[in-house]
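As structure tokens, the structure follows; a few thoughts come after it.
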Amino acid sequence: RLANAVTPLWRLPYQEQLQVKYESQRKILQTLASRLEELGIGAQKPGGLCCPLQPVVPSPIINGYRNKSTFSVNRGPDGNPKTVGLYVGTGRERNIVCVKASHLDNIPSKHKQVAQCYEEFICRSPLDSCILFHEGGHWRELVVRTTSGGHTMAIITFHPQELGQEALATQKALLKEFFTCGPGAVCALTSLYFQESTMTRCSHEQSPFQLLHGAPHIFEELLGLKFRISPDAFFQVNTAGAEVLYQAVGELCQATGDTVLLDICCGTGTIGLSLAHQVSKVIGVEVVEKAIEDAEWNAAFNGISNCEFHTGKAEAVLPQLLASWEDARPLVAVVNPSRAGLHYRVVRAIRNCRSIRRLLYISCKPEGEAMRNFLELCCPPDPRKKLAEEPFVPVLAIPFDMFPHTMHCELVLLFTR
């Protein structure tokens, strides 16, 4: 049941998986074409699509490709309240259980090993797991991040409840001892982090990641560059797939030596930095402060001097940045938002900046909020919505299989005007 929930295509040969994904992306583009036609925009292309759709680009690695896994702590099928794994079931049916992920194809063995050791540690602990915040308990989720160079970072989330500083210090010391001198030493962790969190998700600003052991960062190599990764920084979950994706993005940008590249939702700067040698300047925007610190370090370490990075919400930073844009150089935008898509103010700023003639939208969920963005980019000028400049037109779609065995696909849509 867990494999079917997390990796629903796991039984299919890989070529068949790619065909399933191609069909799902085709339906998304057909939906977009219909929605655009309702707005009176453009004619449909062959197959009822809004633009040509290329075959799904396969992932170079099919099994164990994830460089980041998040494990929950909850009751297992056997009733053990300290099971470390992934969820099966729904809240509505009240049949949620936490199942060990040791058999899943997309998770590497190192992640499974750290999860197993964490379960062993919390089973020895007299403190309960935190299943529901209001019912008490402490031990919560585990995030494991790894790199192709063999680095491993573990981040453990802990609900402090009413514990004082002395009791917290004891738990941190026990955790460190287990993973450095005890049975957990087999994981050979590069970094061990601890976060006290009273919420489901906490940023570093809300509750700092506390380094208990090892180096503060892990490092990844991508397209000949070295990237530093902090605990909560975004990095594409499939490193080998990201290399293929970024190379394609570089080609689709059609950037020349005088192009300025606008990298919106830039994370640790991977896209902008990998394309910096093609362009005259890269401007990155990202909300996570630690990711921008990583991006600036990455630029300096790799000897890249034509990048500038801005911290803040894109909807606050970008309108200011583009409102006063008077640079005569061609401006190409690459956006890589989360599943929530781009804020309307970001889309409006892009639409109203006439220097942007080419836009690459990288979406991990094109059927979701990204669809709203596509329509906002392509709709006719509208004074009521403060959309003054001419609309964009989708001209090419390329899906990339960043998530083998799952239904998910990364879709790159090229817009021009």
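For all residues, glycine too, the Cβ spot is worked out from N, Cα and C.
What TrEMBL records for this protein:
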BINDING   Gln236, Glu286, Asn336  S-adenosyl-L-methionine binding site
ACT_SITE  Cys364  active site, nucleophile
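This view paints the features noted in TrEMBL onto the structure.
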residue	record	Cβ within 10 Å
Gln236	S-adenosyl-L-methionine binding site	25
Glu286	S-adenosyl-L-methionine binding site	26
Asn336	S-adenosyl-L-methionine binding site	22
Cys364	active site, nucleophile	19
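Close to the recorded S-adenosyl-L-methionine site, the chain also has Phe234, Phe235, Cys265, Cys266, Gly267, Thr268, Thr270, Ile271, Ile362: residues not among Gln236, Glu286, Asn336 whose Cβ is within 8 Å of the site's Cβ mean position. Maximum intra-site Cα distance, S-adenosyl-L-methionine binding residues Gln236, Glu286, Asn336: 15 Å. Between the alpha carbons (Cα) of Cys364 (active site, nucleophile) and Glu286 (S-adenosyl-L-methionine binding site) lies a span of roughly 17 Å.
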